[in-house]
Amino acid sequence: MSGAGAPGAAERIDGTGLRVVIVAGAWHEEIANGLIAGAERTLEAAGASWSIARVPGSFELPVASKAALEAGADAVVALGVIIRGGTPHFEYVSAAATDGLTRVALNTGKPVGFGVLTLDDEAQGLDRAGLPGSTEDKGAEAAHAALATAVALRALRG
């Protein structure tokens, strides 16, 4: 299982006062909706306020995440689904989303929870989407990472 050794996503984080935007791609709707639901559950449990911004796909996640953070969000949870096909498109989109989201976090100084699934097939996504029968909940994990980092940055910055 790819989630083996993950930090304690069940650890309670106090997200009171944090404004978080879930930025989610629309491709592979069933998986994407599962990721969103997991992120929502985590943010709700932490007491954070949140909203959702939908974008066409994972390639658009960085620019929308940057806009959300520049508009005042304390953190972003970026969720997307990229499934390998028969062309190099998978590699280009995966690299662009990953590199772009990393730059957004570094340039804004605000956390971006990375919930972009890069998959060989749809079954892998369904297994990670936090749906009934899934073994993992990557949407919840990405939201937890964004919240935990926002809290840590708040403490570091005094």
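Keep in mind that glycine also has a Cβ here, set from the backbone N, Cα and C atoms.
Copied over from Swiss-Prot, here are the features:
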type     : residues                                                : note
ACT_SITE : His89                                                   : active site, proton donor
BINDING  : Trp27, Ser58, Phe59, Glu60, Val81, Ile82, Ile83, Phe114 : 5-amino-6-(D-ribitylamino)uracil binding site
BINDING  : Gly86, Thr87, Arg128                                    : (2S)-2-hydroxy-3-oxobutyl phosphate binding site
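Structural mapping of features recorded in Swiss-Prot.
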| residue | record | DSSP (3 states) |
| --- | --- | --- |
| Ser58 | 5-amino-6-(D-ribitylamino)uracil binding site | helix |
| Val81 | 5-amino-6-(D-ribitylamino)uracil binding site | strand |
| Gly86 | (2S)-2-hydroxy-3-oxobutyl phosphate binding site | coil |
| Phe114 | 5-amino-6-(D-ribitylamino)uracil binding site | strand |
| Arg128 | (2S)-2-hydroxy-3-oxobutyl phosphate binding site | helix |
Record lists Gly86, Thr87, Arg128 as binding (2S)-2-hydroxy-3-oxobutyl phosphate; longest Cα-Cα distance in Å? 24
Between the recorded positions His89, Arg128, where is the Cβ count within 10 Å the lowest? His89
Around Phe114 (5-amino-6-(D-ribitylamino)uracil binding site), which residues of its chain at least 6 apart sit with Cβ under 8 Å of its Cβ? Ala78, Thr98, Leu101, Ala142, Ala145
Most crowded position, judged by CB atoms within 10 A, among Ser58, Phe59, Glu60 as binding-site residues: Ser58
Across every protein chain in view, the count of C-beta atoms other than its own within 10 A of the C-beta of Ile82 (5-amino-6-(D-ribitylamino)uracil binding site) is 24
Which one of the binding-site residues (Ile83, Gly86) has its C-beta surrounded by the most other C-beta atoms within 10 angstroms? Ile83
Cα-Cα distance, maximum over Trp27, Ser58, Phe59, Glu60, Val81, Ile82, Ile83, Phe114, record's 5-amino-6-(D-ribitylamino)uracil binders, Å: 16
Could you tell me the C-alpha distance between Phe59 (5-amino-6-(D-ribitylamino)uracil binding site) and the residue listed as 'active site, proton donor' in angstrom, no decimals? 11
Quick one: pull the CA-CA distance for Glu60 (5-amino-6-(D-ribitylamino)uracil binding site) versus Arg128 ((2S)-2-hydroxy-3-oxobutyl phosphate binding site), whole Å only. 22
Just give me the nearest neighbour of Val81 (5-amino-6-(D-ribitylamino)uracil binding site) among the recorded positions Thr87, His89, Arg128, Cα to Cα. Arg128
Inter-residue Cα distance where the pair is the residue listed as 'active site, proton donor' and Ile83 (5-amino-6-(D-ribitylamino)uracil binding site), in Å: 10
